[in-house]
Amino acid sequence: MRKWDLKFTGPTGRANELWRIKVLKRFLVPNHHPLCFVGAKEGVTSKDTPTLKSTISTEREHVLLLSSLAKEPKTQQKKMGSSILPVHILVSSFLTLILLLNFVDASKKCYIVYLGTHSHGPAPSSLDLETATHSHYELLASILGSHEKATKAIIYSYNRHINGFAAALEDEEAADIAKKPEVVSVFLSKVHKLHTTRSWEFLGLQRNGINTAWQRGRFGENTIIANIDTGVWPESKSFSEEGMGPVPTKWRGGNVCQINKLRPSSNAPCNRKLIGARFFNKAYEAFKGKLPLSQQTARDLVGHGTHTLSTAGGNFVPGANVFGNMGNGTAKGGSPRARVATYKVCWSLTDAASCFGADVLAAIDHAISDGVDIISASVGGPTSLTPEGIFTDEVSIGAFHAISQNVLLVASAGNDGPKPATVANLAPWIFTIAASTLDRDFSSTLTIGNNQKIKGASLFVNTPPNQSFPVILATDAKFANASSRNARFCKAGTLDPRKVNGKIVSCLREGKIKSVAQGLEVLSAGARGMILENQAQNGNTLLAEPHVLSTVSTPENHPKTEVAAHTTATHIRISPARTLLGRRPAPVMASFSSRGPNKLQPSILKPDVTAPGVNILAAYSEFATASNLPSDPRRGFRYNVLQGTSMSSPHVAGIAGLIKTLHPTWSPAAIKSAIMTTASTRDNTNRRIRDAFAKKLADPFAYGSGHVQPNSAIDPGLVYDLSINDYLNFLCASGYDQQLISALNSNRTFICSGSHSITDLNYPSITLPNLDLNAVTVTRTVTNVGPPSTYFAKAQLPGHNIIIIPSSLAFKRIGQKKKFKVIVQATSVTKRGKYHFGELLWTNGKHIVRSPITARRK
């Protein structure tokens, strides 16, 4: 089969040609079924008329099956009844555009073949790596028939800590290799999507505070934090090496810095702060087509990765703000003296769902090998509901191998709330983070008609403060042929400029965390401003976004925002946006934050904790536009405000870095426990945390153990620790095959003991999803990490009988372990099918060690 590569390198010649391509049929590629493209051949000339099997428009990222460059006579085209598709090739003035047209058997897909853990140990030699890769080729060759075919098919060989490979396979070939006894799982590589000057003060950290986690944790000094994301803008002052000593000797990543310089005279992008940068794009290119050379870099072109990495480990930068004055203050990360490394796995300039699982897995494998301490991964993909799902997810597999090498992986819970059972990153060895608000608002006031005032969220206002404008509902401003549903969301092409010009348009928020495209449609139609009203699903979560025109976000069904009650004669005035601190109540759970219960492992509560993830200001890519819309001319922003669990996750990674610095020998589970058991379920009014959705009290399915408290987490008193064997026993109790479990144990035989229960994993929370009227006993073990003392238990669970045995635990030394039992029994009055929430407290007068209890009578 012939393979073609069309390369457009500038504004002349082919870059401006209009190709007419006959569409054979459309080929829809589900997000979780990435199609693998293989090979390419350069040199297609204008006289060539190849038969095309596939093409990708890099501008829109649509996948089509095409037949040929249509040069047939028009009469023949009519005779064949073909539809003709004009394809415009657009070239950025900054980037070289390469359009790959590859021939591929459409039946081939990206599969990951997972084989467990390598037997070569944590410090493999170059020979070990070569041997591992060779074994992958040999295994695949036994299915495909030759070593040559296997070599062509394999995209990645995971040869460091994770044992497996990614390859372009047909379904039948994948099924055949899955039958091999040494194979743990074979699964389609998923497409994962991307899920501060004030937040650290809100969390109680003060730079000069004597007993704060910053001081005690030495600002995360020499802890190494890796970020799996869109890369980094290394010139940001957040990654300045000022005040940093030599790179720690535990760093094994060498001097690898895969970032292009902005100018030949520029300093090296990496330094003693940003100590490493790698990119992983083989799977993305296999699916989307080859990237231009200028994009084959760990440099961040969209801002997301720079934002998350600076939140976790950015240095102190005074005077950080956006739009000149919003959020002005000192930017810093949770571990401002940590070393950071970036691993770029997400590639699209416009699409959040551009992080390919095979690339993510390769990045995690390298990060572990490089010697990092913490991995922050603000990504997540669809999760299989089968028991095997825990080992058919790239983040889950990577996190398991990370903890086996004493590396904690912190991941975002997802932005698919407020619906239940939407939480992502479900495995017990992943630290899963929800999102909530902080006590800062970016605010603007709408003055409507006869001096009615409504406060909303706004980051950008450029209308004159004393000038008012007529208001119009989007549904009244639509084209005659546009649907009212599309118009109410101000979708592209729905608003009639003749009706909109010079007015303020009232739209309904369509998305959960990003609505800037709605503002673009309103601006394009000639409006002066936009009111963006929340839907029911958005509740009272007000997002301040970098819109392209003056915009104010308002709560759902606010009585004063009933713009429909006003006529076009009504005028609205928008006040300048300003920053308000000390807002109450805070935190409030963000409506978009994904919720439990855990649909894969119901006995494990997810999310684990919540952290700030609404209106977060952090470093940004100076290449990216303010709104991330390609047509937005506003570039060069050093800081920006973003939303999502992508922002909350690195907050926790930064806190984990502080604990790792103070307690370098603590396991990932101990660090996780310290943060979970000291989390709070109270807001800054000392009332229970509320949920922005439906204006109700939040529960553990929204916030897990609660809102993080770093000053308490640095000194938790007791921890619930876990070893690899504990996780393996959990898998035994979950019904996993013993041979599979041995593969995870470096192919050393692991004997499952029948005495382990799935509820006995030494997790810092307790979840019992299938109670009957019989009593259930749960066993836990705590480890003392403080001075000698005696702890006393207190527990409550509405509608249930609960007993703790023993009710007190006396510790004489650090490291001493004590076991206890929790006996829970539902009663005849306990409502079936409904979850009940309680808690277990261990306190010694100084420390409060809290575990949420979640139970349901089946």
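Using the three backbone atoms N, Cα and C, a Cβ is placed for every residue, glycine included.
Feature annotation from TrEMBL assigns active site, charge relay system to ASP229 (among others). Long-range Cβ contacts of ASP229 (active site, charge relay system) within its own chain (separation 6+, distance under 8 Å): LEU194, ASP300, HIS304, GLY305, THR308, LEU309, THR342, TYR343, LYS344, VAL345, CYS346, SER376, ALA377, SER378, VAL379.
Marked as active site, charge relay system by TrEMBL: HIS304 (among others). For HIS304 (active site, charge relay system), the Cβ neighbour count at a 10 Å cut-off comes to 26, with all displayed protein chains included.
The active site, charge relay system annotation in TrEMBL covers SER646 (among others). In the three-state DSSP scheme, SER646 (active site, charge relay system) is classed as helix.
According to TrEMBL, the domain 'Inhibitor I9' annotation covers 111-195.
The feature domain 'Peptidase S8/S53' is assigned by TrEMBL to 220-687.
Across the domain 'Subtilisin-like protease fibronectin type-III' (760-854), the prediction's mean pLDDT works out to 97. What TrEMBL records for 760-854 is domain 'Subtilisin-like protease fibronectin type-III'.
According to TrEMBL, the feature transmembrane segment maps to 84-104.
Sequence-distant neighbours of SER646 (active site, charge relay system) (same chain, 6+ apart, CB under 8 A from its CB) are LEU194, HIS195, HIS304, HIS307, THR308, SER378, VAL379, SER412, ASN415, GLY613.
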